[in-house]
Every structure is written in C-alpha cells, then in structure tokens.
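*Asks:* After the structure tokens below, expect a handful of questions from me.
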C-alpha cells in the first residue's frame, strides 16, 4: 500500500494549488516530495516581465535557506525544483511551512518575494518509540482501571497525523482513545475483566495507530502485560496538570519544577517512582528524577526552535500500580539573537552621474527573537551620500541622497548597523563596499593658463621648445590626455610647418629653423583631448618668442664695400680740423646689441689726418690740411657690431685733396678696381680678336676662290721650266680629262722643282648634277658666318659700352656726393 502511494505521487509530479499575489509578489502552493525538475510556476508570466529582460536584468533567486530548493530558468521563466522538498525536515510540526525565495532583478534594482507554501502529503506512518510496551498489573486491580499508553508519533500534520488507535481483540482489555489539549490523540488501556494470575501470568496485546491520510498509514506495537499479586492503592499526583515557565538558554540541570504523587499503601507498595511515559522528541531536553520528581534541564532550550513543551509523566508504586499527569513547560523568549544583516543585491559599480534617490542595493535584516526582541531598526554611519529606505517587511533599499563624484570619492565603505528593541539591545553591523564608476565629466585642464617658449634663431629642426601638461581627474581612458595642434597659420603657412607637439607627452618641437629677422614671435593653440566617449577637450595658447643671434654682419650702404665699386671724395685744401669730409652709412639686420655698430679706420695714408665717429660713422679732419699732405688719401674703414662674437665689414674711401675738378688727376692714376679694369681689357681684347679672326677668314676664303679659277694657267706658266723627262710617260692629258672613269674628275698639281705630280681626288658627282647647288651652299655658309660675326661683335660692344657707362655714372655720383661736403667745408 505504501509503495502504491509513492508511485502515485511520482506520476503526478506536482499539484499546483494556487497563485496568490501578496503585496505585488507571488505565492505558490505545492506538495512536498516533488521530483527534481518539476515546474512550480512561470515567474515571468505571473509577474508580467518580458522573457528577454530576465537575462538582460541578470535575474536570480536568493534564499536564506541552507539548502537551495529552487532555481530560475532564465530562458523560459519557469521556477524549477532542484532539490528534494521534505516538509517534515523543513518545518516539523508547524502548521504552516513556507519556503521564502527572492527574485532579484538589476538595472534597475527590483525585488520580488516569492512564498512557496509546502503542503503536507501522507508520506510518514505512525511510529511508537518502543518496540514493546511493558505493564505490570496486579490481579487485584479493579475492573475499569485505566493504563495510559505511549503515543504514536507521525511526522505528518493535520489529517495525515495520528487519528486513532485500535487494540487487537482479547478477553481482558479494551481501548479508550482520547484527545488532549493540543489536539493530539492518545490511548488508554482499560481493564474490562478481572485478572487471575493463577489462570494467566502474562498476555501479549497488539496496539495499532493509524493516521487520517489517504491512503491510510498505520504502525503497531506489542503490549506486554505481566500479572502480579494484589496491590490495593495506586499513586495519586497532587494535580493532574503541572505548568511551568522556563527562560530559554537556561543552563543544564536547572530545576524547572517538582512533581509529587502519594500512595496510601505502606512499605514497599508506597514507594513511588516517576518517569516520562509518552513518546516525544522533547524528552531529551528535560530529565525527571525518578525518586524526587524534580524536572530539570538536560538539553538546549531555544525558544526559536520550540516555544512550548507538553509531556506525560507517570508515578508507579513498588508493585506496578501507576497514575499519570500532564506537564506543560512554556519557554520564555530572551533577547539572545542579534539581528543579521544580509545583502540581497548590491550594484558592483555605481555611475557617478546617477540622480539622487537612485536605488543601489537591497538589504534584508532578520532577528529570530520574538515581539520586541525581534523588532529591528537600521542605520548608516554619518557622512555618506546614502540612506536606508524601508521596503517590504524586513527589507530596506539603499538609496543615494546626493550627487556622487568619483574624482572626490571613488569608493565608499558603508557600515549598516541593525539594532533590536530587546533589553539589553543587541546589534550587528555589515560593511558594504561601493565603487563609483567613472563618467567622462571632466575635460583636461592645463596646469597653466598660457605657456611661453623662448628659442634662439638658427635653432636645429626638431629641437624642444617647451612642454605643456594637462590633467584629467577622470579614470583610465576618460583621463588619458592626447595633445594636438589646432589648425592655424603663421606668416601664411600652416602652423604645423613651424612646430609639432608630441601627442603623449605634450612636448612641443620646432619643425624648422627660425630666423629672427623674418619672424620674431608667433602663437599656436594646443588642444588637450581625453579618450572618453564623447571626448572632452580644452585649449591653451603657447607663445613662441625667437631671440636674436648675431648672424648678420653689418652691411655698408655708402660707400660700397671694397672690391665692388670705386668712389672718390674731394676734400678742400682749406679744410680745418674737425671738418666733415664724408660719412660711412651701414646697417645691421640683427637687433639689440647685435645691431649696435661702431666705426673704425683700420688703415689710412696719413693716420693723423682723418678720424671717424665711433657711432656716427662721420669722417672728419683731425687737423688743418697742409700743403705737405698727399693729394691722394686712401682710407679703409671697418664697421663692427656689438654681438658675441662680433661681425664686421670694411669699405675703402678714396679722398682727393683739391679745391676743384680741374686739379683732379686723370682717373688712370687712381687705383681702380683691378677686377673691373681687367674685365674691360678682356672685353676689348675679345672684340679685337673676333674681328681679326673674321677678317682673316674672309680673306682666306676669297684667296682660295681666286686661286682655283686660275689653276690651268698657273700650272703651265712659261716662266717655269719643267723638263719633259720628268713627266710620267703613262699619263696623257692633264687638262682635266685623265684615264679615270668619266664619273670622277681629278686635278693634277705640279709644283715647281718637284719630280712627282700630286693628285687630289675630289668628291664624285654625276654629270647630270648642276653646279648651281654647290654655289648656293657656299653662299649660305658665307652668309651665316657674316651674321654670326655681326652678332658676336654686337654683344661685345654692348658689354663694353655698358661697363664704360657704369664707370662714368660712378664717377658722376662721386662728384655729386662730395659736392655738399665740399661746400660745407668751404663755408
């Protein structure tokens, strides 16, 4: 029968009895002993949650039980049994047995409580504690005497627990079934017919206990009755029911109370022995002294496990007569359990830009004590931007109260303290570590409002100008700074052609060599950008100042430096000391002290005659000019700048001491520039040479033409005696028609005094070719030579004339320049 019952339940799998919403949450009722894999219900459907969001919101089940009985299938939303559910093991004799599960959803945080009510099935049979129940009954016991029997224990509850007892048919005893104050059934053995020890010394009776389940289960025990000689009086308890209160956690051997019973007999028949007579799991918690009747603590007393104990005690005399009483012990709750704080859900990383009031965690607080001892209040330490908001029973939401800033505080160590209302109160704490996730909310900030770089001109390309630095307090890639140049122009060229910036270090390099004389300063914009999404940036101005280097020598404007021109100044003979003679004018492309010029006469014909202003460049006489002074005075003036090292330039001044131009000697006596003189001479020589060569060429051509026309007559001129013996006998006429083929002609040249004839073969030509072609070619060649000669001669004449004109202009300019100084001196 038992096997059939188990098979039937296995086939049914489970019976879904109801879905009861409670405070927006779920409540399921299922039978115990469901198979693993059985579906309790569909959470997604019952809560109205889209299946696709279960995985996205990281749905999970959380429980306080040491054993996890259920799991969630995120693909289907089904609540599935994964472990054996034994109601007796979970809740023992409690009328209500509930498995609490919590569905946690994240993004945003959401909590749903799921109550799984476990319904009892009749899976346990009634059982007796002892294999046999022994009774010793005197033969004098009166008819109707009652003997209390041990209760049968059934792990099930309700209708499935013990509902009655039955006794096997016999001649002497019947069974009386009663119900105690707790609703439990117990049996009494009733003597229905007097015993006779001489007839029957002992009897074996079969007692059966059965439950009310379907199908019904039962258990049996053997009652062994031993018949004794007569004993007139049985012990009597002072009261039928004993009640006492005991504080939980009472130490061992604490006396709860003392029971007492008296027997009217004397001697051995009046000695009373006490003991427990019912079957109960509570018995190990208490002990009963068989002599004194003291009930003492023998085990752990925990109100949270059992709040009340009810036991049956017996009092027997020496010959086995017994009476019975009930002992009820109520346990008084003590505040012996501190609250327990549990983290049901907590955000791993909280974005720093969450608005105030955002839920970041769910906290559960449990206190196993009852009444005020189980009332708990929660609190957080001061100085954190969070608070606890009560939610459903024993649950709190951890909510932000202010704006978070990871750059100020990146981690929060929050301590949650739970304190109960007991006396004295108990408390416990739980630390929660919250990390603030970075958001790219800070642009890079440069350490300075602007930067200045100083570099000397003529720097090397690639040299370092300066370094910019920006700080971004954000985290990782949000705080990684990259530098770049903003587009712009410097002197019409892209700024990138002047400078570059290292994207990682912010070091600015020169791309080219700078020239102070062309560019003295410029500005560039450097951008610092982070790697966030979207990226943030800021700009800074970098001013680059180029310092001057003495890289330009002074440039003399007047007179021209030596070797480039010829300049003569006239100095009146009557000039007095200090008279202004001329002035050297020079400039320097550098600036500052590099452009400070000083003048000095480094060489002169007469060192004591002229002096020059160190800073003005004015040439003046040091004394009056005398007749003994040389008319020609040559000065070499040096102009130096003030740079380090200094650079210089020199020029020559040619001074003529004279009152008028008529006294000026010929220019050829003046030391002209040798290079210019040589160039003029070379031009004249080249012109004469080309003209002579051309005329000689023309004369030779004309002579050759003339000689060729007169060849026949000259060869046989009678003025020359040529012996006939020397003529070759084999040659015929030498008049232009020889022994060669008609397509060739040859001329025979006989020279005076020669013994042989020289032959000259000319180019062959056809008889049909007209001689006019050769004539045209010769005319064209002659014409080309004439034209080339004219062109060459023309170019040479132009160069010669331009050089002469340039020299004339120089002389004129010198004369006109000296005139003001001459007039000033005369005045």
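Cβ atoms are placed via backbone N, Cα and C, with glycine included.
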*Asks:* What range among 679-702, 703-726, 727-750, 751-774 does TrEMBL record as transmembrane segment?
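*Replies:* It is 679-702 that TrEMBL annotates as transmembrane segment.
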*Asks:* Look up transmembrane segment in TrEMBL and report which of 647-668, 779-800 it refers to.
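*Replies:* Here TrEMBL associates transmembrane segment with the stretch 779-800.
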*Asks:* Along the domain 'Cadherin' (571-667), what average pLDDT does this model show?
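*Replies:* The average pLDDT of the model in the domain 'Cadherin' (571-667) works out to 88.
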*Asks:* Could you check whether the domain 'Cadherin' (350-446) packs against the domain 'Cadherin' (129-237) - three or more CB pairs closer than 8 Å, residues at least 6 apart in sequence?
*Replies:* no
